[in-house]
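Have a look at the structure below before the remarks.
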Amino acid sequence: MLYWLAEWLGFPGALNLIRYLSFRSGAAVATAMILGLWIGPRFILMLRMRQGKGQPIRDDGPQSHLAKKGTPTMGGLMILISLMISALLWMDLSNRFVWACLFVTAGFAVVGFLDDYDKVTKSSHRGIPGRVRLLVEFLIAGVAVLLIVSRTGTDLYLPFFSGIVIPLGPFYYVFAMVLIVGFGNAVNLTDGLDGLATFPVIIASLTFLVIVYLSGNVKFAGYLGIPHVPGAGELAVFAAAIIGACLAFLWFNAPPAAVFMGDTGSLALGGALATIAVTAQHELVLVLVGGLFVVEALSVIIQVFWYKRTGKRVFRMAPIHHHFEQLGWPESTVVIRFWIVSIVLALAGLATLKLR
């Protein structure tokens, strides 16, 4: 909105700064973080009053988690409010990539909210039926992919190699939809310990802030040998807003958490990151940068598949962060070590920009 206003006025004086992605990205971080810190205490109090028992805690999980009973969920709404306000203020709203990201973020947030609401009101872990949830997520992802691909094409670029492209054609639509839905649910599965998902989301967002900025600049993209996507740089502002909103949320989600993100936040953030990656045509780099989330999701898939096939478990408990808890690792140890892994994977993802 501010970009439109400044453009309408002709970018006079200090408003000329709004032309620059770097300025608007910094402003988006600050705006989202300040908003999040301001609404946080009020929002948490409201959630406590409305939810009563808070998020249901699994009885078959680590015994230390029983102390978390009564902690409110749906804290992702705090993230969404500060993220959306900041993004709408500082982004160029004439950019279709912006609307694709906003659509996935809001759509997945609604799905997550309904799931959280069902769990809280029924004091159950089930939520809305999985098939219904996946169907809606795929429909949302499909709309976003149509918006994006009309400007980017259907080629898949391989990281670490310059000029090697796999033309997927119509199959790209399915691939991109699976990536968006899968990554959204992978972040959701990771959000099981205080701060575990939030910090890696910040790291992944920072990484893709750099990637989309470079992809959107024809000179940088040409120098690095990465696909140039005109207009993709605008999503650097969106990634910055995610960072600011998540930093504010982490203030309240740090152990012992005063609020949980819930499916409302985790689904939305995962979907948003994947949509940014699809726009920048760095889909496989997302799998590397978000490797922590991928491993968490794979641990659940492997556990369920193997148990149904043999009646035995591969892990003591899935997702895999609970496996390490069952091995005797304190929650804080699991969280910090997983944070370290996310940083290393992000650095590896950035290395793909140069190592070609």
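Glycine is treated like the rest: Cβ placed from N, Cα and C.
Noted in Swiss-Prot for the protein shown:
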TRANSMEM  27-47  transmembrane segment
TRANSMEM  73-93  transmembrane segment
TRANSMEM  97-117  transmembrane segment
TRANSMEM  134-154  transmembrane segment
TRANSMEM  163-183  transmembrane segment
TRANSMEM  195-215  transmembrane segment
TRANSMEM  232-252  transmembrane segment
TRANSMEM  258-278  transmembrane segment
TRANSMEM  285-305  transmembrane segment
TRANSMEM  333-353  transmembrane segment
Beyond the flanks of the transmembrane segment (195-215) by 6 or more, those residues with Cβ under 8 Å of it: 21, 25, 187, 221, 224, 226-229, 232-233, 235-236, 239-240, 242-243, 246-247, 249-250, 253-255, 257, 261, 266, 269-270, 273, 276-277, 279-282, 285-286, 289-290, 292-293, 321, 334-335, 338-339, 342-343, 346, 349-350, 353
Cβ-Cβ under 8 Å with the transmembrane segment (73-93): same-chain residues at least 6 beyond its ends: 1-4, 24-25, 27-28, 31-33, 35-36, 39-40, 43-44, 47, 51, 54-55, 99, 102, 105-106, 109, 112-113, 116-117, 119-120, 234, 237-238, 241-242, 244-246, 248-249, 252-253, 259-266, 268-269
Recorded stretches the transmembrane segment (134-154) and the transmembrane segment (258-278) touching, at least 3 CB pairs under 8 Å: yes
Remote residues contacting the transmembrane segment (97-117) - C-beta distance under 8 A, at least 6 residues beyond either end: 55, 73-74, 76-77, 80, 83-84, 87-88, 91, 127-128, 133, 136-137, 140-141, 143-144, 147-148, 151, 180, 184, 188, 231-232, 234-235, 238, 262-272, 274-276, 279
Contacting positions for the transmembrane segment (27-47) when only residues 6+ beyond its ends and CB under 8 Å are counted: 72-75, 77-79, 81-83, 85-87, 89-91, 237-238, 240-245, 247-249, 251-252, 258-259
